[in-house]
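Participant: If you look up Swiss-Prot, you'll see 1-10 marked as compositional bias 'Polar residues'. What Swiss-Prot records for 1-33 is region 'Disordered'. Look at Swiss-Prot and you will find 56-76, 83-103, 121-141, 144-164, 170-190, 197-217, 234-254, 271-291, 299-319, 323-343 tagged as transmembrane segment.
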Amino acid sequence: MSVSNRNGNGSEVIYVGDRSTNRPPRNAPSPDEDRKEVKILFFDLTYYNTTTKFLLCCAGVFVLYLLYGYMQELIFTLDGFKPYGWFLTLVQFAYYTVFGYVERSLESKRVPRCIPMKTYVLLAFLTLGTMGLSNSSLGYLNYPTQVIFKCCKLVPVLIGSILIQGKKHGPLDFLAAIAMCLGLTLFTLADSQVSPNFNPFGVLLISLALLCDAAIGNVQEKAMREHKAPNNEVVIYSYGIGFVYLSVIMLLTGNLFSGITFCMKYPVETFGYAFLFSLSGYLGIQIVLTLVRTCGAPLAATVTTARKAVTIALSFVFFSKPFTINYLWSGLIVVLGIYLNVYSKRSKLTFADLNRTAERIYRKLVPQRGGSSSTKKLLLEV
């Protein structure tokens, strides 16, 4: 259908179909106004497309967290430092709180706190559990074993997204989780056979850290989505409250002053390395929080998991430790799980699709009772 009008200049304007569908409505928001602001520190990624944002965040995660992993393992090579994993966590929390406060102070636009304090009380507790237990586990485990456990973070994240956010996942997600669990089990068995530092208590510590980590990702995603909180706010309150928690605990247990005494003997190897360790970790957290905000917790976990696989390889290069070929095979199974998880984001495969496919295969393999109609006709003709 076409309708023609003449304007004041005498020229004819033709609208094809309904006029309302061809002319933009008045006061319609421009595409730029609909965009949600995405910033990492002072870098504005709002006007980049989704793929570019994802690739930039991935590059940042790999560079910063590879440095983070290297500095973390380097600190624990200092003789006598292994019992002070919780003190390292305290120093790390202090640095993170200062970094977050400085970043927030330099912002031109001050924004009041968005997320309720009771949510931050929970986040601080989970953050303390994640980082404290993870740092402490290095006193009992080989570094690659600790990292391979972290690679399987997707498993508790998957469970947490179902329980906390009520999300539904397809069969590929669960298959990825199974592959990761299998690879993790084989890697742990291999490490227990060749590593002189293997201790089952370390497995317990890192497992508890993963449970806290899974809850953090989902609670953060839900809170940031509902309250539109900036990254630095989440960091300041999560780590600031966590610092208070840990300070009180270490003061009551008497470990605070012993940690200070030891670190003052080696200030460069402890406080100095911890500064680089914390700075790279802080910047990495900003990028991971942006990934959580834009892509969701499971995909963010997949990116950080892939980075950890590279960290394991570099750990064997920079730090001497026993190696067995079983590390490689079990690690490849974990990588397969990572790939399946990434592929599941593109695939629309559901359990209903699998059920229909299984039914079709069953019909082809198992003949129907009484035979088909064509078979009956052939028998009658004979």
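Backbone N, Cα and C define each Cβ position, glycine as well.
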Participant: Counting Cβ pairs under 8 Å that are 6 or more apart in sequence, does the total for the transmembrane segment (144-164) and the transmembrane segment (323-343) reach three or more?
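Facilitator: Result for the transmembrane segment (144-164) with the transmembrane segment (323-343) is yes.
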Participant: Please figure out which one of 83-103, 170-190, 197-217 racks up the most CB pairs under 8 Å against the transmembrane segment (121-141).
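Facilitator: Looking at each of 83-103, 170-190, 197-217 in turn, the most contacts to the transmembrane segment (121-141) are made by 197-217.
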Participant: Which of 56-76, 83-103, 170-190, 234-254, 271-291 has the most Cβ pairs closer than 8 Å to the transmembrane segment (323-343)?
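Facilitator: Answer is 170-190, with the largest number of Cβ pairs below 8 Å.
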Participant: Under 8 Å, at least three CB pairs between the transmembrane segment (299-319) and the transmembrane segment (234-254) (pairs 6 or more apart)?
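Facilitator: Answer no: the transmembrane segment (299-319) and the transmembrane segment (234-254) share fewer than 3 Cβ pairs below 8 Å.
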Participant: If you count every Cβ pair below 8 Å, which range out of 170-190, 197-217, 271-291 shares the most with the transmembrane segment (83-103)?
Facilitator: 271-291
Participant: With pairs closer than 6 in sequence left out, are the transmembrane segment (197-217) and the transmembrane segment (234-254) joined by 3 or more CB pairs under 8 Å?
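Facilitator: These two stretches do not touch.
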